[in-house]
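The following features are taken from Swiss-Prot:
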- 83-102: region 'Disordered' (REGION)
- 83-92: compositional bias 'Low complexity' (COMPBIAS)
- Gly120, Lys121, Gly122, Gly123, Val124, Gly125, Lys126, Ser127: ATP binding site (BINDING)
Amino acid sequence: MAVQDVIEALKKETLEDVGINQNLAQLVKDIKMVGNVLTIVFEPPKQGLEDIIRAKVIDALGNLPEVQKIDVKFVKPQAQIPVKQQAPQQQQTPPPQTQQPMFTRKKVPGVKHIIAVGSGKGGVGKSTVAANLAVALSQLGYKVGLLDADVYGPSVPTLFGLKGERVTVDQFQRIIPVEKYGLKILSIGFMLPSEDTPIIWRGPMLMKALTEFLFSTKWGNLDFLVMDLPPGTGDVQITLAQNVELTGAVVVTTPQDVALADVKKAVSMFREVNIPVLGVIENMAYFICPSDKQKYYIFGKGKVAEFANAYGLKILGSIPIDPEVAEKSDKGEPIVISHPDSEVAKAFLSIAKVLSQVVESKVN
């Protein structure tokens, strides 16, 4: 295989999606082919782009028949040599200082929009909402992935009937997500010996795992990657805020005061770390009586609307209580799949439409 073939392939991969007007061929410092192992050394324009460049290289060259392994290496970006300037003849007013970011947020290659689904507390149905929202987006014709980032309580394997499923990797050590119901799915639960195995990780371990899930997974081209976050405002949320370019967050709550008190903290946290809050989903909003078809607001009515108005948020939709949701979830069948004509499924499809419109308006 000629070096020129590699260079030509790398010319087609650019860094324009991270605001840098260069292609990968311009960053190459060395190329070697020993047997069927291709080694390429890059000098990135700045630090923090290594995972993105590595993923783009594998996408560009991974299908070459002569190559069985690609080893991507990096040298540190060369520091700019300061230019000596003459002292000004008269004192000048310095230009206003702009605050430099303390971290670099990176895009996941091939993924247009990353939507984080969070909540202030557990028990509000966040994971069920994230799972059915992902399925609903897929049914609208979007290419969708679902990442179970709820590392302390991964429930996606149960919700999709994937208990005991194990992840595999390709020849380039990229994680291959599991596919079901038209989604590409990845969960920490796929990597545990059993569903009873606890995850006892500190912040650095969480950061490493999430980074691997996002940037070392073969997601392909996705319109949406839905992330099911753990409840609260802990290490996972901070890691994402510092390292990943999210389109925004969706918060899930129930109408109870105790849930609303905690979801306010979640909204404040997202805003504190400059993650846009795209809207609120009200779960368990009401119960439809089978006999008279009337709506009964078991946990009260109007509280979520008051909260949304106070915080300047959009209500994406309200989901009724339905015993079928829990029953089918335990069997690994999202309600949008098992009962597409139910009020709950219709609510999820409506929310997916509204969310996609919110995202498009934000982008435009």
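Keep in mind that glycine also has a Cβ here, set from the backbone N, Cα and C atoms.
The Cβ of Gly123 (ATP binding site) lies under 8 Å from the Cβ of Ala259, each of which sits 6+ residues away along the same chain. The binding-site residues in question are Gly120, Lys121, and the one with the fewest Cβ neighbours inside 10 Å is Lys121.
Neighbour counts of Cβ atoms within 10 Å were taken for the binding-site residues Val124, Gly125, Ser127; the minimum is at Gly125. Cβ-based neighbour count (10 Å, all protein chains) for Lys126 (ATP binding site) stands at 27. For Gly122 (ATP binding site), the same-chain residues lying six or more positions away in sequence with a CB closer than 8 A to its CB are Gly153, Pro231. The ATP site, placed at the center of the C-beta atoms of Gly120, Lys121, Gly122, Gly123, Val124, Gly125, Lys126, Ser127, has further neighbours from the same chain whose C-beta lies within 8 angstroms: Ser119, Pro231, Val252, Thr254, Ala259.
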